[in-house]
Amino acid sequence: MPYCSIEKQRKSLGEMEQDFLLALQSFYYEGKATMSNEEFDNLKEELMWEGSSVVMLSSDEQKFLEASMAYVSGNPILTDKEFDDLKLRLKAEGSDIVVEGPRCSLRSRKVYSDLSVDYFKMFLLQVPAAVVALALFFFLDDVTGFEITYLLELPEPFSFIFTWFAALPLIFYLAQTITNIIVKDFLILKGPCPNCGTDNVSFFGTILSIPSGGSSNKIKCSNCSTEMVYDSRTRLITLPEGSS
C-alpha cells in the first residue's frame, strides 16, 4: 500500500488525514470516489494505528455525512434549518468534517468560506497571564519564607497531592482570573480568503471592557487586500455586498 511502501517516502500523519477527509467529503458532498474501497479501508486502518482522532466520527458527524449524501441523492432526511443547525453545532465543536474551502452560492450570489477556531493563538493569548500567575506564586513563596517550597518537597504522596490539588489549581485560577480581567468571551477564528486562499485571522471578544465589534468583523486579506466579513455566529467568511 502507498502509505506503508518502503520504496518511497512514507506520507505524514497530516497528509494521510487530509486524504481521508478529502475522500469523505468528495463521496458525501459530490458523490464521487477519490480512491477504491480497499484503499480507503487501508488508509482508515493506518490512521487508527497512528492514533488519529479524525477517523473516530461522533454521532453528529455521522448524521451530518448521511444527511449530505441523502441531499445529493435527492432524498433529504433533514430540513434546511435542521441541517444548518447541525452544521453550526459541529463547527462550534471544531469538527473538520464540516470545513469546506471557498465556494459560490448561486441562490444567494455570494462567495463563502468556512471559519475555524485558531486554538494555537488562543493558547498564546493566555500565556502572559500564566507567566504572571507563576511570578505571583513564587513571590508568595518568597514572602512566606519558602513555606510553599517546603510543601512541594514533602515525601510522597503528600508532595504529589499538594502539587496537583493545590499548587497547580491555584496557578490555573490566577491565570484565568488575570486573562478574564483583560479579555472576556474571546474567540480567535481563522479561514481562507475566498479570493486567493490565504489564511487570515480575526479576534472576537472584549478587551478591557471595549468590545471588538460584535459578532462580525470586517478585515482585509493580508495577501490580496480583498475586503471580507467574518461572522462568528455562522462561522462563515463572506464578501461584502457589491464586491466583484
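Along the chain as shown, the residues are counted starting at 1.
Note: Cβ is positioned from N, Cα and C throughout, glycine not excepted.
Long-range contacts of the transmembrane segment (119-140) within its own chain (CB-CB distance under 8 A, at least 6 residues past either end) are made by residues 94, 148, 167, 170-172, 174-176, 178-179, 182-183, 186-188, 190, 201. Sequence annotations record features per position, and here TrEMBL assigns transmembrane segment to 119-140 (among others).
Sequence-distant contacts of the transmembrane segment (160-183), counting only residues of its own chain at least 6 positions beyond either end whose CB sits under 8 Å from a CB of the stretch, comprise 125-126, 129-130, 132-134, 136-137, 148, 151-152, 154, 205-208. The transmembrane segment annotation in TrEMBL covers 160-183 (among others).
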